[in-house]
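Participant: Please find one structure pasted underneath; my questions will follow.
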Amino acid sequence: MIPVVALVGRPNVGKSTLFNRLTRTRDALVADFPGLTRDRKYCRAEWEGHEFIVIDTGGIDGTEEGVETRMAGQSLVAIEEADIVLFMVDGRAGLMAADKGIARHLRSREKTTVIVANKTDGIDADSAVGDFYSLGMGEIVPIAASHGRGINSLLEQVLLPLVSDGLAEAEDEFAPWPDDEAEVLAREEEEEPFDPQSLPIKLAIVGRPNVGKSTLTNRILGEERVVVYDMPGTTRDSIYIPMVRDEREYVLIDTAGVRKRGKVTETVEKFSVIKTLQAIEDANVVLLVIDAREGISDQDLSLLGFILNSGRSLVIAVNKWDGLSSETRDEVKEALDHRLGFIDFARVHFISALHGSGVGNLFESVNEAYQCATKRVSTALLTRIMRMAVDEHQPPLVRGRRVKPKYAHAGGYNPPIVVIHGTQVKDLPDTYKRYLMNYFRRSLGIMGTPIRIQFNEGANPFAGRRNTLTPTQLRKRKRLMSHIKKNK
């Protein structure tokens, strides 16, 4: 599960500066939902190949007595969502009453916390952080966020414990890309057959507040299904609900909390950005619910962007379709085509969760998307498709030389990854890369999931090697050099 890091502290201690430094941007909201997330910013960040989510909470400007009340708002939610809290203080201003109040609250929540003393550039850091040890929260990490000093050591201390388990698993599973097609084929023969269809499909239902996620979830659970049991999820408040439909096992990831089975009336749903993002990360297929009466919003596009970046399969459900006039429906479809043209691989369903129309068809697209995302494809087939694509449309010249793709093999699944080996393949223009991606998609019949193309250039075995000249070649070279010197 992707780690979550929350930044908390008084105003003007540098939380936003550190947020921008970690995310390498100055305006990178994953989502900004009115009301519930107005005072919190979320962004996906990466360090040394490790991904994590950063939450910037707005300053807590209450007094020592009032800070407990202040923390009950947006910052409290961020702290509960986080795996680790970076408690930021001002190294120049020293220890303040509000810092003590925040520290008391953090201790009461028993959250893993690291005190980060900012603005320590140009001063004696050891002396500046001395007062903060009285908070009794362990070691203090001095940084200068505006200049980027101390950021790497901070991330080492914060992230490495969170990703250590993931690193061990990755090392066990990692195998370098072979440079030889025969080696790939031999490795495929050695692999034990694995059937992803034997596993339950993890389906996350996500969307903005009040689009009908609650109603759709209850409709799914109340329609011709066998609910095995309700199992609280390991990711904070999300609920994992194993269920069976048409003899196929699913795990429904419910981000809207526990609701009574019989209650299908629409209510205002408590919405957590982190719960939604983590549900997307943990799912095989994401069902994005859109309100037909409100159309596509910027928040919907933000969620779509996160889903695509995560490489998850996608099915779109346009809810509240009942009651719309034919003219309004045509306008909605036109708007969808205009704003969602970049994800033409996803199936779009028009449903009414309240009345159940169109809900049953969703699972056909969910199963299709999962099958396409986990389909095993041989190296021979991928190489044949690649050569057909090259024959139909030759790669352009790069620095006067023709790019030569040699062979292709599968580099991963969910999403499908095709690795193309060859000379200068990394220099292909984006237009040709998109052509290859679309060609593979059409040839393999992939729907409902993004597909990624990666390029690998084998090392030149003759690089740096100099041929030994024969005696005849040495005499010829000597005469040539003598001739050149005479003509100068």
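Cβ from N, Cα, C; glycine included.
Okay, so Swiss-Prot annotates it like this:
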DOMAIN    3-166  domain 'EngA-type G 1'
BINDING   9-16, 56-60, 118-121  GTP 1 binding site
DOMAIN    201-374  domain 'EngA-type G 2'
BINDING   207-214, 254-258, 319-322  GTP 2 binding site
DOMAIN    375-459  domain 'KH-like'
Participant: Neighbour count first, Cβ atoms within 10 Å, every protein chain included; then name which of Thr57, Asn210 tops the list of binding-site residues.
Facilitator: Thr57
Participant: Reduce the DSSP letter at Gly207 (GTP 2 binding site) to three states and note it down.
Facilitator: strand
Participant: Just to confirm my parser: what is the rounded mean pLDDT across the domain 'KH-like' (375-459)?
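Facilitator: On average, pLDDT over the domain 'KH-like' (375-459) sits at 89.
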Participant: What are the DSSP helix, strand and coil residue counts for the domain 'KH-like' (375-459)?
Facilitator: 32 helix, 25 strand, 28 coil
Participant: Which of the listed binding-site residues (Asn12, Thr120) has the least company, meaning the fewest other Cβ atoms within 10 Å of its Cβ?
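Facilitator: Each of the binding-site residues Asn12, Thr120 was scored by Cβ atoms within 10 Å; lowest is Asn12.
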Participant: Of Gly9, Asn12, Lys15, Thr57, Thr120, which is closest to Asn210 (GTP 2 binding site) if I measure between C-alpha atoms? They're all binding-site residues.
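Facilitator: Nearest in space to Asn210 (GTP 2 binding site), counting only the binding-site residues, is Thr57.
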Participant: Taking the Cβ of Trp321 (GTP 2 binding site) as the centre, how many other Cβ atoms fall within a 10 Å radius?
Facilitator: 20
Participant: Here's one to test understanding: among the binding-site residues Gly9, Asn12, Lys15, Thr57, Thr120, whose C-alpha is closest in space to the C-alpha of Gly207 (GTP 2 binding site)?
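Facilitator: Of all the candidates listed, Thr57 is nearest in space.
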Participant: In the three-state scheme derived from DSSP, which category covers Lys213 (GTP 2 binding site)?
Facilitator: helix
Participant: With H, G and I counted as helix, E and B as strand and the rest as coil, say where DSSP puts Lys15 (GTP 1 binding site).
Facilitator: helix
Participant: Measure from the Cα of Trp321 (GTP 2 binding site) to the Cα of every one of the binding-site residues Gly9, Asn12, Lys15, Thr57, Thr120, then give the nearest.
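Facilitator: Nearest listed residue in space: Thr57.
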